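> Heads up, here are the entries from TrEMBL:
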DISULFID  Cys30-Cys40  disulfide bond
DISULFID  Cys45-Cys51  disulfide bond
DISULFID  Cys99-Cys186  disulfide bond
DISULFID  Cys104-Cys169  disulfide bond
DISULFID  Cys112-Cys132  disulfide bond
DISULFID  Cys136-Cys145  disulfide bond
DISULFID  Cys146-Cys156  disulfide bond
REGION    207-231  region 'Disordered'
COMPBIAS  207-216  compositional bias 'Polar residues'
Amino acid sequence: MTGFELASGESIHVPSVPGWSGRIWARTGCTFDASGVGTCVTGDCGGKLECGGIGATPPASLFEITIGQGDDKDFYDVSFVDGYNLPLLAAPRGVYGGCNATGCATDINIGCPKELQVAGEGAGTAGGVVACKSACEAFGLDQYCCSGEFANPTTCRPSFYSSIFKRACPRAYSYAFDDGTSTFTCKAFEYAIIFCPNTNTMNQSNGTLITSPPIQKSSKKESSHGHSHSSAPNIRVPFYIAFIVIFLPVLF
């Protein structure tokens, strides 16, 4: 399963296995024909409904995870290194020990500098900015991309632009070497990945995220989310990890 549509309030349960590593993101403004060929305004993956291992076209908000094997912990983060398209929260559930939620509910598009803006239909009006580029994508300079002579944490430092992302979302990656405050570890049975969260669905007072029981998605045609992972039966067993992907306020 590498592409599906979620309407407002819907969720889907996606099992995984130990050792799996990948990214989860949302695509917006998508149109696909009956054969699954089409395009998305943000987060596109090769012009197809099924991403099939192709990554998101920047800018896109990413949840990244490597699932541990055996007693090893999972490593996970929310990243805006490739830019931003939607608010994203990620929270482990059914955990062993203390684990942290990451991401944020802030809409960075509202405060995105003009030179980083990606405008959709209705540009110049409310909602006209559909995504916010990274400085690396916008300008292609080594100092923003952490490449060339800047390809190490000593020379590649936070920039004016990465600081905008960091202030809005302190727990998310804002540039390539933002590891210290942005990478988390946990041993969990499942992760809730919530796009466009609202204050009625979360409690962040202790760094965790609480949601109401997920609405299980029907079997209608899938279309709006990129995620390089194969489908599997919805069975909860100790050695399987599950992702609950939730989209809250508006349609993709």
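Keep in mind that glycine also has a Cβ here, set from the backbone N, Cα and C atoms.
Nobody curates TrEMBL annotations by hand; they come from automatic prediction.
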> Nearest of the disulfide-bonded residues to Cys112 (disulfide bond) by CA-CA distance, picking from Cys51, Cys104, Cys146, Cys169?
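Checking each of Cys51, Cys104, Cys146, Cys169 against Cys112 (disulfide bond), the shortest Cα distance is to Cys169.
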> Just checking the disulfide-bonded residues Cys40, Cys45, Cys104, Cys156: which sit within 10 A of Cys136 (disulfide bond), CA to CA?
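Taking Cys40, Cys45, Cys104, Cys156 one by one, none has a Cα falling within 10 Å of Cys136 (disulfide bond).
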> List every residue in the same chain as Cys186 (disulfide bond), at least 6 positions away in sequence, whose Cβ is under 8 Å from its Cβ.
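Correct list: Lys73, Asp74, Tyr76, Pro92, Val95, Gly97, Cys99, Asn100.
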> With the cut-off set at 10 Å between Cβ atoms, which of these disulfide-bonded residues ends up with the most neighbours? Options: Cys40, Cys99, Cys104.
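Buried the deepest by this measure is Cys40.
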> Compare the C-alpha of Cys30 (disulfide bond) with the C-alpha of each of the disulfide-bonded residues Cys51, Cys104, Cys132, Cys145, Cys169, and give the closest one.
Cys51
> Cys169 (disulfide bond) to Cys51 (disulfide bond): how many Å between their Cα atoms?
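Cys169 (disulfide bond) to Cys51 (disulfide bond), Cα-Cα distance: 27 Å.
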> Which disulfide-bonded residues (Cys40, Cys45, Cys51, Cys104, Cys132, Cys145) fall within 10 Å of Cys156 (disulfide bond) by Cα distance?
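Those close enough are Cys145.
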> Take the Cβ of Cys145 (disulfide bond) and count every other Cβ within 10 Å, whichever protein chain it belongs to.
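Result for Cys145 (disulfide bond): 19 other Cβ atoms within 10 Å.
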> According to DSSP, does Cys136 (disulfide bond) fall in a helix, a strand, or coil?
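SS state of Cys136 (disulfide bond) = helix.
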> In whole Å, how far is Cys132 (disulfide bond) from Cys104 (disulfide bond) when you measure between their Cα atoms?
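Just about 15 Å between their Cα atoms.
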> I need the nearest neighbour of Cys51 (disulfide bond) among the disulfide-bonded residues Cys40, Cys132, Cys145, using C-alpha distances.
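If we rank Cys40, Cys132, Cys145 by Cα distance to Cys51 (disulfide bond), first place goes to Cys40.
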> Quick check on the disulfide-bonded residues: of Cys132, Cys136, whose CB has the lowest count of neighbouring CB atoms inside 10 Å?
Cys136
